[in-house]
Structure formats: C-alpha cells, structure tokens
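Presented below is the structure to which this report refers.
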Amino acid sequence: MQYLWRTPGSRTAPEEASPIGPPPLEIRGLTVAYHRRPVLWNVDYAAPSGGLIAVVGPNGAGKSTLIKACLGLVPIVSGTVEVFGRPIARQRRLIGYVPQRESVDWDFPVSALDVVAMGRYGKIGWFRPVTRAHKEAALHALERVGMADFAKRQIGQLSGGQQQRVFLARALAQEAQLYFMDEPFAGVDAATERAVLQVLRDLDAAGRTVICVHHDLQTVSDYFDHALLLNTRVVAQGPVGRVMTPDLLSRTYGGRPMPAPAAAEAS
Amino acid sequence: MIATTIEEALRILTFQSGFNSAVVVAGTAALGLAGGTVGTFLLLRRRALVSDALSHATLPGIAVAFLVGAALGLPERSLPLLLAGAVASGVVGLLTVQALSRFTRLTEDSAIGAVLSVFFGLGVVLLSVIQNLELGGQAGLKTFILGQTAAMAQGEAIAIGLLAAGAALAVALLFKELRVLAFDPGFAAVQGWPVGALDLVLMGLATFVTVIGLQTVGLILVVALLIIPPAAARFWTDRLPALTVAAAVIGALSGWLGATLSALLPKLPAGAVIVLVAGGFFLLSFLFAPARGLVAAALRQGRLRLSFAERRALTDLLDGRPVEGPLALWLRLRGHTRNGALTPAGQAAARAAARDRRLWERFLADYPALLPAHANWGVDPIDSVLPGDMVRLLEERSASS
Amino acid sequence: MMPDVQEFLQIDAPALLAAVLACAACALVGNFLVLRRQGMMGDAVSHAILPGIVGGFLVAGTRETLPMMLGALAAAALAGLLIEAVRRLGRLESGAAMGVVFTVMFAAGVVMIEQASAGGVDLDADCVLYGQLETILWLAPKGWASLTDPAVWAALPREVLTLAAVFALCVALVGLFYKELKITTFDPALASTLGIPAGLFHYGVVLLVAATAIAAFEAVGSILVIAMLIAPPAAARLLTDRLAAQILLSVALGVLAALAGYGAAAFGPMLLGASHSLNAAGMIAVASGLILALAVLFGPRHGLLGRRRAVGRLRNAPGFIAPEAQKP
C-alpha cells in the first residue's frame, strides 16, 4: 500500500516519464501572495525534459516559494502546476525534494542512515518496516555522496556540508524522475560542492530533471544546462548560454550592477 | 424579576451597589488592566506560556510559607507571607525554565511543561503534608488554585487594585525600553541596552501580576489574564502603542464584567467567569476584527483569488484560449461571455485586464525598487495604485518596446 | 517495617499498577510531543478536557466513566482543532494559541461544575487535578499464593484495566506507525511530498495524548499526566541520540518514577514515623523531576557536567577544531 491519498483517483499508477510525453514540470499562471503582496506573479514555465535547471534571482525573488508552491507546500492564489502532465498530488512518487538545511531540527535523534532511509518511505508504504534492501539502497545513496563512513552518526554531529550531503543522498534514495533542490550549494565546503555537483551530473546522465535554486551566478553556466531567471515573475528562461547575459541578469536583479558571468567565463 | 436583575447589574457595573462590591469590581478591573499591559510584551517576546510555569510554580512556595507561618506560631494564615512564598518559588521556577532551555538541548516548551508539573506536584505533596498536620486555617489554601473573589476582603481588593495599577504604570514608564526589547532584542543588545535586565524586569512584572492575581483568579487560570487580552488585541492592530492600550482595555473590561457577573448571579466563580468573558472578547476579535480577523481575511483572500482567476480567464479568452469549469460559469454570470464568446462588456474588461498585466509587468521590470511601496501591486488595476503620470510613462515604454 | 502482604496487594499493588501503566503510556506518547516542540500540548489538552468530563457527566446523569471519557475525548479533539485554528488562521504563536484555548475551556468546565453542584450534583475539580490513586482497591487477592488464581486477576480494578488497554493501544499505534511518526516529526515537508499526511499525524498525536491523559487522569490526575508526558522523554532525550532508544528509555524512566514516587509517598512517612501517607501522584511528579534533574546534570554527552568533561577531552585531543553550535 503506497502513500497515495487525498485524490480519489490516485490509485492508478503514475505515468513513467517518456521523452515525447508532457514536460516534467509545467506551471501556468502561478501567483502566490502574502496578504495582498505578490511573491510570485503570473509565472508561466515549462521545464525541458532531462537536464539541470538553475532557478536564479535576487533575494526575495520567490525562488524557494516557487519550489514550495510546485510541491503544494504553500497556498497559491491562482494557477496550476502539473508534473508529467498531471496534478502533483498524483505524481508524488516521481518527485524528489531537497529542502534548505535550516528547515529541520538537526538535534533530532536519528542517524544519517535513518534520514536517507526516509527517502524510501514513499516506496515502502504503510505498515511495512524498513527492510534490509531499503537500508542497503540508503547506504548506497550515502556512498554516492561520500558519506558511507558517517552512516551511524547522529545528524547533529555532522558538519554543515555533511548534512547537505545527507539530504542529497536522501533525494537519491527517493529514485525520483524530477528533483527540486533548494540551494544545495549554499554555505558548503569544497568537498561537498564537488559531491553535490557529481550527484547532479549522475542524475542528468540518468535522464532525470533537476530544478535547483542557485545563488552563485559565477557557477550557473558551468553547473547547469538551463536557467530560469526569476524576480517575482519570469524574466527569462532557456539554455544558460542564451539567458545568462548581462542584460537579462541586470533586468532580473533590478538594474543593480552585476558581476558579468559571461565575461568571467571568457577570461 | 429580569428588570430587577438588570437594575442590579447596572448598579454593580456603575459601582453603586455598596462600597464593598464596588471595590472588588474595581480591583479586578485593575488586575485585568495590568495583565493586558504586561501580557502584551510577553506575547511579543513569545513568552506567553512561561507565565503558566510561573503560576504553577507558586504552589510549593505558598505551602512552605504556610508551614513557616505555622512554625512561627502565627495564629491565622498571613496573606503577605503566603504571597512572599509564592513570589519566591515562582521565581525559582522561572529561573529553572530559563536554565533548562538555555543550557540543555531541551526546547522551551519542554522546560515549561517539566517545571510546571513538577513544581505543582511538589506543591500538592506539601499540601498533603499540611493536611496531615491538621493545622488551622488551611482551608484557605485551596482558594489559591481556583481563586475566589467572594472571599476577597475590602482591604485586599484595594491592595490588589493599587498594586495592579502600579504594574500598569511601570509598563507605561518603561514603554520605550520594552518596545525595543520586544521588537529586536539582538539589536537592543548591540546598541547597549541592558537586555538581560529588561527581560528580568518584564518577567518580574509578570510574576507580580501573577501573584496578585492568584487569590482572585487562581493559579491555573491567572495565566489567562496575561495571554488572552493581548492575543485578542493582536487582531485589531499592528501598532505597539495601540496594541498595548487595546490589551489593557480588553483586560480591564474582562475583569470588570466578570467580577460583576460573578457578584450578580449565584454559583459563578469569579476567576472562571473573568476568563470566559476575556475568551468572549477573543472570539469576537478573532472572527470579526477588521485588521486581522478571520472573516475579513477570508473575504480578502477570496476576493484576491477570484479577481486573479477572472482576469487571467479574460485575457485567455482575448488571446483565443478557451476557459472551462466554474470560471466559465462565473464569467457568464458576470455578463462577460455569452455562448463561450466575449460580450462587448467582456471585451472591454478583458482589454483592461490585459493592459493592467502589461503595465504591471513593465513596472516590475523597470522599477522593482518601488515595489515595496505598493503592497498591492499587480493585484489591483494599475490606475488605482500608481499616479497618473507614472502610468502614462509605463504606457509609453511598453508601446515603444 | 513492611506492611503485611494482603494489605500491600489490596491497596498498594493496584495503585502501583495504575501509576506504572499511566506513567509508561504517557512517557511513550510524550516523546513525540517533546520532539515536535509541543510539550505544552499535554498541559493544554489535560486542562481542556474538563468541560467534556462535566458535559458527559451531565448528559448521562451518572458517575459512569464511559460518558465522561467520551465527553473528554470530544473536548480534547475540539481543543486540538481550536488551537490549530487559532495558530494558523489567527497567526498567533502556538504557545499563545494553547494558552487562550485551554484556559477558556478549563474556565468553562469550572463554571459547569459550579452550576451542576447548584443542582445538588457533587463533582470536584480537585479529582481532575490530583486524581484518586489512593482509592483504587483490588479486593480479590488474599496473599501471594492467590495470585496464581485467574479469577483474582479478572477482578483487577477497572482503572487498571483501562490504563492497561490504553498502554497497549499506545504501543500498538506507535509500533504500527513508527516510521510515519518519525518522518512527520522530523521533516513534515518531506513527509507531505511523499504523500504522508503530516497534518493528520499532528492531530493523531494530539488525540493519542488526549486518550492517554483521559485514561490516566481519573487515577493519577492531570498534573501527573503533564509531568509524565514531558519529564521522562526529556530526560531520555539527554541520555541518547537514537529515537528507538529514547522511547524505550523514557518508558523505563517513567516506570522508575512511578515506583520511586509511590514508594516515597506511601512508605516514606511511615519510615519517618509519621502515620499518614503523602499525595502519591504529586510525589511521582516530583520523582520524575528529580530524574530529569539528574539527567540534566550527569547525562553522558548532553548533561551539563558530562558535557564539560567531553569538551575538555576534545580540547586536549590533537587536531581539535571547535564544533559549530548545534542547538538552534
């Protein structure tokens, strides 16, 4: 018995992604407001199938809100979000989520392996225990981020970067088709940055779609294939080479002087 | 019969039914006033339930003070001694909560719950000791738990009233300092304000109100005087001075009406009635206050969603995209469509919506720094939010691009 | 100076059994309150059930337990919904939301009791606060030998049987939903994206706490319930970093507090030569407080004294780098 609930018709198996099927993520007319002040305003976006997509924009541009609205974690004023052509409530098994590190209590009495195994809960379903096979899958996910040696460690005793890698391993253990990641590179050490990048490339190679809130303009073009420039509404979207231009970036960041990543790349 | 009851009620409410009941009612109103003013800052410091630990923690102090009084050979229970005991153990409880949440990994809610129940348990054990010793005057001890205004002597009521008024006055005098403390303690500390000392003053005032409220309302419910009035006032305003005044008024009204009702009708314990009256004020505020009340917020949110959906649907129709479902029905009811096509009125509304969206987009792209000044940008028609020359400028720019 | 066996079995054994079961059940579910930072939910719920108890009593017109328990459960469910409504819709912090709801409901209960007693009905708010541990009697056993007779066990007092049933329910539910409880407590957002109804589990925990509190209040009173929901899990939290271990340890500490507290209350004064016993529920709460205090001071890694030693060891270790502060 899977964790599918709320939607009456949800017992049908979710569709597998196919290259010619509907886009992994399609947002139409999404508006989210706090009181009467829009945080996201008339956002339309269709994510290309497969590939690494960076969501870029200044602080308060609604990047995290965009991800949370896609996941159904914040109430929306208007608009629709579809994942592989269906409402998100029916497609939960296809979605992986890496929240910001501060979103959980790191003092919680669980080990790194426990946290990664939580990514498998969607596959395990009601009443069944976490079996050996699931634990091995979780351990394998920890190995892929170079954290296998810390499997038994209580999560509070890990460094910030290690905690980030545990979250990433958990997303891997979910074996999803579409991943949402909220600033996986924020405040991490060099080793973690490499591990995160490697995971992103592995996922890309496996044909998964990853949508990542990213704050470092210098690395967008190196790490990602596509970018979504967001400042409350969509400023531009497309392959990084086309949208990471000084003109579009300065429009996204409200005309403030920006470091020019294109120039940095050229040098 | 009803007429005489109403007459009696008016007499008590207007302090004309004998000096004693007037004093009790006035004292209770002053207590409510003090609870509201002090409680406002507890609420803003997110410390509302700390006062619950505090009030429960007074019980062992009261019991010990009673035992000390008996050992000293005092003939009857002496109220000042008992209240001194209450203050002492209340403060110990408070410090234990702070130490637990500061120096251990336990969170504040666990610290409060542990202190509250363990101290109260100790108080109950001590009460059972007192019961076994068969000392005189112990019957009065139980009134501290559930409170009893009827038992309040005139002198006590006057003292309570004066002390409560003093607490409210202290808040008024320290208003500036407490405001900084409640708003941004980190900033206050950097600016050189004695944040620790101010926090102590605030908790001291809370202790003070709790202890003088013990007799009237009882230690289980006295926390309501500190929590409910400011929580109710929160729905009416976002400004601190207004919030403090509103909480004080709601607290005083609750004390006044509650004490009156309890004096008027049989078998209505004052403490509980005061809390129920305050609860009534809370419910009214929660539902109907125009600023943050439920009904107003729901209406605002519903209107917002509908207007967004409607304008989106209209522009969709204008661009030749079909609209289905309940929205299609809504547009027909509004007279915007007939047989799935836009009517002349619908055409006009759709064009206005499209223009609004285009101009807002322009505004957002060109003047993002001005957005914070317009809380409802992008929601309302642009002409009703921005000045006319700004709208004309945006129109020119969007036409030229 | 041991009391004789029959007296022990008839008076102390049932009270002890009731106390142990109540403490174990409360400690078990209390873990999830402590971890969800909802420690005060136990306080709120156990006060808020008062009008339900009185209402059930008034509607049924008897002192039967079932209607009172149903009334209490309804009141607890209402309190849970109201607190969540005030917190979410009113945008108040959860402490204030709880404070508003439980004081108003408790006040309503007090007024209802007074009004009922006007009609010649005798119901006492005291028994809700302190419980009546001392009045639970088990008249069947006559000595150790009689304990082999099943009929004697069948005659266990109703309070003990109710508490045993509730404890079994808690064990069963926590066992069945262990991993869901774990994930909804640790990361409700992830749980929601996996399709696990985090909100439903929030209410489930509140209702389970309420059911436990209701079954226990009659025997041990609401104050002991609040102490047991928090102190043993909090102490266990300081002693271990694994959830399963924390849960088992908290139950063990709850049982220990029950035994120690009851022993001190029932036999302590006798040992000191006094003739009366002390309030057992209060004493058990005090015992749980002492256990928590010991864990705070001497806990191996998180205790105040233990932590100082550990930091000292670390600082002397080669290549020490100060750890970042973990407490949020």
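Each Cβ is built from the backbone N, Cα and C atoms, and glycine gets one as well.
Keep in mind it's a predicted model, so treat the numbers as computed, not measured.
The transmembrane segment feature in TrEMBL is assigned to C:15-34 (among others).
Marked as transmembrane segment by TrEMBL: C:41-60 (among others). Beyond the transmembrane segment (C:41-60), the same-chain residues lying 6 or more positions past its ends with a Cβ under 8 Å from any Cβ of the stretch are 26, 30, 33, 66-76, 78-80, 83, 98-99, 101-103, 105-106, 108-110, 112-113, 116, 121, 123, 125, 128, 206, 209-210, 213-214, 217, 222, 225-226, 229-230.
Counting same-chain residues at least six beyond the ends of the transmembrane segment (C:66-83), those with a Cβ under 8 angstroms from any Cβ of the stretch are 41, 44-45, 48-57, 59-60, 94, 97-98, 101-102, 105, 203, 206-207, 210-211, 213-215, 217. Residues or ranges marked as transmembrane segment in TrEMBL: C:66-83 (among others).
Summarising the annotation, TrEMBL assigns transmembrane segment to C:95-113 (among others). Beyond its flanks by at least six residues, the transmembrane segment (C:95-113) meets 40-41, 43-45, 47-48, 50-55, 58, 75, 78-79, 82-84, 86-87, 123-125 of its own chain at Cβ-Cβ distances under 8 Å.
Taken from TrEMBL, the feature transmembrane segment covers C:160-178 (among others).
When Cβ-Cβ distances below 8 Å are used as the criterion, the transmembrane segment (C:190-214) is approached by residues 22, 25-26, 29-30, 32-33, 36, 38, 41-42, 45-46, 49, 69, 72-73, 76-77, 79-81, 84, 166, 169-170, 173, 177, 180-181, 183-184, 222, 225, 229 of the same chain, each at least six residues removed from its ends. Look at TrEMBL and you will find C:190-214 (among others) tagged as transmembrane segment.
For the transmembrane segment (C:220-240), the list of distant contacts is 18-19, 22-23, 26-27, 29-31, 33-35, 39, 42-43, 46-47, 49, 127-133, 209, 212-213, 246-247, 249-251, 253-254, 257, 281-282, 284-285, 288-289, 291-292, 294-296, 299-300, 302-303: same-chain residues at least six beyond its ends, Cβ to Cβ under 8 Å. Positions annotated as transmembrane segment by TrEMBL: C:220-240 (among others).
Annotation comment: TrEMBL describes C:247-272 (among others) as transmembrane segment. Long-range Cβ contacts of the transmembrane segment (C:247-272) within its own chain (Cβ-Cβ under 8 Å, at least 6 residues beyond either end) map to 1, 3, 12, 15-16, 19-20, 22-24, 26-28, 30-31, 133, 174, 228, 231-233, 235-237, 239-240, 278-280, 282-288, 291.
Per TrEMBL, transmembrane segment is recorded for C:278-299 (among others). Long-range contacts of the transmembrane segment (C:278-299) within the same chain: residues 15, 19, 23, 130-131, 133-134, 220-221, 223-224, 227-228, 231-232, 234-236, 238-239, 253-254, 256-258, 260-262, 264-266, 268-269, 305-307, each at least 6 residues beyond the stretch ends and with a Cβ under 8 Å from a Cβ of the stretch.
Within the chain, the transmembrane segment (C:15-34) has long-range Cβ neighbours (under 8 A, six or more residues past its boundaries) at 41-42, 133-134, 136, 156-157, 159-160, 163-164, 166-167, 170-171, 174, 181, 185, 205, 208-209, 212-213, 215-216, 219-220, 224-225, 228-230, 232-234, 236-237, 243, 246-247, 250-251, 253-255, 257-259, 261-262, 266, 280-281, 284, 288.
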